[in-house]
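Visitor: Dropping a structure here in structure tokens format, bear with me for questions.
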């Protein structure tokens, strides 16, 4: 017997026939319909969850001045909240990766959303920097769990057809990050607190009786009620989503039936760990360059190129705008192109654009064009990398956590190092050198990764993988039999 996709179907049908010989066709059709419905339901909910994560993560930017004022600190002296959130994300990625392999996926993601909602609800009430940092760490942990679990769950649901869905997942995050500043300014008006004292003063006078020692308290109602509504509305959205994530967990057969995609057997590259380490480095350099350029392009344009602040802000917007737009387009390209092809195209685009940025670092026109191309080139790299490695080796929760830790370390280390070096060499375009260096390294790393991934397996390794696939199929068949 051959234990592949068609083999799995044959085993399941044989079991169903032995149980109810007269009804196997109708039951199989009904089961397939329920499975497809649950798969699409889960995919939609995960996209909504990543949208919420994008809004939750990005709302910190436009509300940062209000949060600093809330804890009586200057903006420049409150940078520890970013470190706290990043460390929380690291911890959440590791813990989530371990837990994702040993507990129900939906239960874990639902609990992480409850944690996010709690952190968002409490954030505007924080009156000390230490407590605010703790809240940011809590939301960071939940982000790490969701990022790790969401990617693995999509691959479990869709298998080899998961590339467009991975792209959609990361587009949802980018869309949320794009919408957050607009919602914060237009809908909630969080930065207008200094100009509108009437309503907050009335609220304070009514609430001061309950918070007489507000200056010494750890938690208190914020002076700016717009800040409260901003975080409360996002927290409510996340809380509602947690209900939809818990729903499949409580569904009778959700724990018993695995998707057909995940029942096709485990894949494992010959040098599985080496491949994960290479992808760890790849994401370290890629994410570091992406965040570094997005964080410093405004200051680089004003100090090095001599742009006006309004022009520099537009340049920053064009980078993130093309980034978000091309993540959306990548959903459709992923249905036509292999993940490896998309990664090659992204590497070529980022290498060419960063090279021209370094070559013509004083040219505003080149800066506009190359920034657009650079943003577009970086957009599909991360989700394509996740889809690509799944073609050669099965991505478990621990594996996903490992490579996401590489991305998180790059996010923290590269911008910090770039800022330090730029301070030491103010006349050099250090930021552009870092981006070019990262582009060169990722372009070199990918062929090495491809070579390692495609090395043929030994006979002993093939037997081990076939045995593992057989166990998965027999386990899946037993569960279907029990469910019936």
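Just so you know, glycine gets a Cβ as well, placed from its N, Cα and C.
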Visitor: Tell me which residue from 6, 93, 387 Swiss-Prot records as phosphoserine.
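Guide: Record lookup in Swiss-Prot returns phosphoserine for 6.
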Visitor: Have a look at 17-37, 80-100 and point to the one annotated transmembrane segment in Swiss-Prot.
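Guide: In Swiss-Prot, residues 80-100 carry the label transmembrane segment.
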Visitor: Pick from 206-226, 227-247: which range does Swiss-Prot record as transmembrane segment?
Guide: 227-247
Visitor: Can you check which of 366-386, 450-470 Swiss-Prot lists as transmembrane segment?
Guide: 366-386
Visitor: Between the transmembrane segment (168-188) and the stretches 40-60, 135-155, 340-360, 428-448, work out which stretch tops the count of Cβ pairs under 8 Å.
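Guide: So the stretch in question is 40-60.
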Visitor: Hey, would you say the transmembrane segment (340-360) packs against the transmembrane segment (135-155), going by three or more CB pairs under 8 A that are 6+ residues apart?
Guide: no
Visitor: Taking residues 6+ outside the transmembrane segment (366-386), which of them lie with a CB under 8 Å of any CB in it?
Guide: 151, 155, 163, 166-167, 169-170, 174, 279, 282-283, 286-287, 289-290, 293, 297, 301, 305, 315, 318-327, 330, 333-334, 339-340, 342-343, 345-350, 352-354, 356-357, 359-360, 395, 400, 407, 435, 442
Visitor: The transmembrane segment (135-155): which same-chain residues, six or more beyond its ends, come within Cβ distance under 8 Å?
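Guide: Hits for the transmembrane segment (135-155): 42-43, 46, 49-50, 53, 56-57, 60, 81-82, 84-97, 99-100, 105, 108-109, 112-113, 115-116, 118-120, 122-123, 126, 162, 165-166, 169, 261, 386-387, 390, 395-397, 400-401, 404, 408.
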Visitor: Thinking of Cβ pairs under 8 Å, which stretch from 80-100, 106-126, 227-247 has the most of them with the transmembrane segment (40-60)?
Guide: 227-247
